[in-house]
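Here's the structure, in structure tokens; my notes come after.
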Amino acid sequence: MTSLPLTPVNPDAPARRAAMPPRHLADFDLAGRQTLVTELGEPRFRARQVSTHYFGRLVRDPEQMTDLPAATREKLADQLLPTLLTPVRELACDDGATHKALWRLHDGSLVESVLMGYPDRVTVCLSSQAGCGMACPFCATGQAGLTRNLSTAEIVDQAVYLAGVAASGAVAGSPPRLSRVVFMGMGEPLANYNRVVAAIRRLVAPSPEGLGLSQRHITVSTVGLVPAIRRLASEDLSVTLALSLHAPDDELRDELVPVNQRWKVSEVLEAAWEYAARTGRRVSIEYAMIKDVNDQPWRADLLGRLLADRLAHVNLIPLNPTPGSRWDASPKPVEREFVRRLRAAGVSTTVRDTRGREIDGACGQLAAAEGP
């Protein structure tokens with residue numbers, strides 16, 4: 001294997017200072033919304049009324065809330081329901097089962113989110129940052145660099161829009177209701193900790209305060225920000241933690257996941273096991289299979305030893321192509337042998353379904369490009 005240049009990364013570095021978007025009702029819980037509507041001279045019940053439209057009926061345009069007086073709708077459009085995401089392009093593939101949306105934010109930043117329909121469920125993949133500062137060399141988002149954190153409402157609004165797409169029947173062969181959310185889009189979710197946790201609370205709060213999703217159907221991915229993992233374990237949440245490991249040894253992980261230069265494999269796994277112990281939730285270990293880089297039998301055996309008898313599941317990801325990448329996905333026989341060795345060690349292992357490749361909507365491909 002050709003050694004890669006180490007890319008220093010500072011996980012504590014702030015995102016570029018940029019004007020955050022105007023406030024939106026999804027930035028607040030129901031009590032906060034009630035305070036806001038009274039400040040606007042409206043009765044408190046308007047907060048529940050508008051929340052029912054937004055979270056219960058998936059209506060994002062105040063003009064469609066026709067049971068509200070026209071003057072109230074105008075006030076709300078300006079103060080509580082500003083446009084946060086302007087659609088640039090929406091693409092579909094997998095016979096209509098996968099949709100990718102490209103959004104322009106108020107400051108011109110671009111982000112993407114993906115909807116994936118299955119016979120028994122509908123999942124959305126949300127972005128938490130515009131770009132990403134983690135600099136993983138095999139990920140298109142990481143190579144683009146970090147622009148800024150998204151607001152709570154910018155995160156939630158992606159889910160509400162895509163839930164509306166599902167409700168419209170546009171996702172072939174799938175239920176009409178959003179059931180799962182994965183924070184695996186653009187950005188490192190735990191580097192935008194407060195807003196991501198607030199967004200999770202909106203997603204799981206019962207309607208009309210939120211979307212009413214199950215906490216157990218929310219997955220938060222991280223490259224391994226150890227203090228944030230421990231902080232998440234202390235929250236009153238039982239979401240699934242997905243750890244983007246990609247290598248079982250520090251020498252290689254320092255190259256593939258530069259934040260490993262700050263927190264080594266042993267430290268990251270220790271935090272993950274603490275999370276599993278506190279929440280009772282199995283940790284998902286994400287591992288991109290890269291030909292001749294991290295797919296050797298001895299690395300499978302080492303990974304198996306690290307994970308044996310732990311509350312963990314390995315999710316192997318066939319490497320998805322990105323522009324200019326020097327790497328390829330591991331051949332299928334190599335992938336099968338990797339799986340065999342992990343299972344022989346007693347580690348639950350599956351290979352991820354590669355959805356959205358045709359539209360650059362698969363894992364590691366989100367780059368928010370406006371070109372064709």
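Sequential numbering from 1, following the chain as shown.
Heads up, the Cβ atoms here are built off N, Cα and C, so glycines get one too.
Source: prediction; values computed, not measured.
As annotated by Swiss-Prot, region 'Disordered' applies to 1-20.
Every protein chain shown contributes to the tally, and the Cβ of E112 (active site, proton acceptor) ends up with 27 other Cβ atoms within 10 Å. The active site, proton acceptor annotation in Swiss-Prot covers E112 and rests on sequence analysis.
For 118-357, the entry in Swiss-Prot reads domain 'Radical SAM core', with the evidence type sequence analysis.
The feature disulfide bond is assigned by Swiss-Prot to C125-C363, with sequence analysis given as support. Secondary structure at C125 (disulfide bond), taken from DSSP and collapsed to helix, strand or coil, is strand.
The [4Fe-4S] cluster binding site annotation in Swiss-Prot covers C132, C136, C139. Counted within 10 Å of its Cβ, the other Cβ atoms near C132 ([4Fe-4S] cluster binding site) come to 25, all protein chains included.
The annotation S-adenosyl-L-methionine binding site is assigned in Swiss-Prot to G187, E188, S221, S244, L245, H246, N320. In the three-state DSSP reading, E188 (S-adenosyl-L-methionine binding site) counts as coil.
Annotation source Swiss-Prot lists active site, S-methylcysteine intermediate at C363.
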* Asked: Does C125 (disulfide bond) have same-chain partners at least 6 apart in sequence with Cβ under 8 Å from its own Cβ, and which are they?
  -> S113, V114, L115, M116, V182, F183, M184, G185
* Asked: Taking only the binding-site residues E188, S221, N320, which one has a CA atom nearest to the CA atom of C139 ([4Fe-4S] cluster binding site)?
  -> N320
* Structure fact -> Per DSSP (helix/strand/coil reduction), E112 (active site, proton acceptor) sits in strand
* Asked: How far apart, in angstrom, are the most distant Cα atoms among the S-adenosyl-L-methionine-binding residues G187, E188, S221, S244, L245, H246, N320?
  -> 19
